[in-house]
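Here is what TrEMBL says about this protein:
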- 77-99: transmembrane segment (TRANSMEM)
- 105-125: transmembrane segment (TRANSMEM)
- 228-247: transmembrane segment (TRANSMEM)
- 299-322: transmembrane segment (TRANSMEM)
- 328-348: transmembrane segment (TRANSMEM)
- 360-386: transmembrane segment (TRANSMEM)
- 392-414: transmembrane segment (TRANSMEM)
């Protein structure tokens, strides 16, 4: 028994059964204080939900809502429809490999992602101007054209002609809200992916995406020192460093936690409660992109989807007139982060699975579907918004990169076939 009230259990001791993680030797038995939270009470909750609907809808008192206006009734009906669907997902949606803080939390995340996907699909079938005005239903400040800030208007580090603040450009960039967002974002990504080389590929890759699309989005027009020094070498590095240190601190420390009722004091009970909101294991994920050509394509596909989700954030804000500090942007990022947690775990398990016939998990499928619909919205609503064409040197550069990757994969595949042919002889 460890000094902090738990003993070490190897990650391999977990067995996967119907998509859920279970511990051998009776470890599925829950603590008496919390066992009630794991017992199925679907019928009870259904009856409670029905009572709530009766009260909220006025089903037994129709005259109560007779004087209400149509807009209010429609809004309440839509929110009630979403609530019913989320309640169903909370109880009946597919489980993922994650078991903390509670499997129902991840079922709820699944339901929220489905609602978001359906809302995006509805938005995709609207005209651009109508979609912008529709955003007012989500937040009253939306639906108004916004100026985009350009970070590359003046790239001078030292301003000799400004006696009040000769490093004004540097100060304004350092105290921009995106600096903290970069650090927190990359800390979260490091905890998700848990592989430093892959994180650096994504970090440098996103800066290359900013360089590629800066002729379309003024927000991507950054100074060289902002992009290379501040973003990559300071903010992204610090976020990755902090995230990987978090992973290394807990690396391999998969524990069988002593139940809440068996903790000796209040502090132990508080620590055990907070520990329920941490992952069951922190082992670093092994992606092995150089294992073979097909594995290289699979890991490259993960990077492409990851970068596409990042780019969708900025293109959606630009085409739908959503300011960076609006709560809609924050809610989307939180939902994506919650959805990415089971998605990355499922995809890594999919890559490690050696079955001849396999399929990706529900969360992987859902994440890819949301990414595609977001991209379609950006393409549809972006018509006519970007008058400048991509510079020729960028077209040539990315064409060369594509040809180089394809040639590398073909040569790699040919080498493998040659090696196999020699072994057969």
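All positions are counted from 1 along the displayed chain.
Placement of Cβ uses the backbone N, Cα and C atoms for every residue, glycine included.
TrEMBL: automatically predicted annotations, no manual curation.
As the structure is a computational prediction, the values presented were derived from the model and not from experiment.
By number of Cβ pairs under 8 Å, the transmembrane segment (299-322) is matched best by 360-386 from the list 105-125, 228-247, 328-348, 360-386, 392-414.
Comparison of 105-125, 228-247, 360-386, 392-414 by number of C-beta pairs under 8 angstroms to the transmembrane segment (328-348) places 360-386 first. Most Cβ pairs within less than 8 Å of the transmembrane segment (105-125), among stretches 228-247, 360-386, 392-414, belong to 360-386. Beyond its flanks by at least six residues, the transmembrane segment (360-386) meets 19, 94, 96-97, 110, 113-114, 116-117, 120-121, 123-124, 128, 131, 215-216, 305, 308-309, 311-312, 315-316, 318-320, 339-340, 342-343, 346-347, 349-350 of its own chain at Cβ-Cβ distances under 8 Å.
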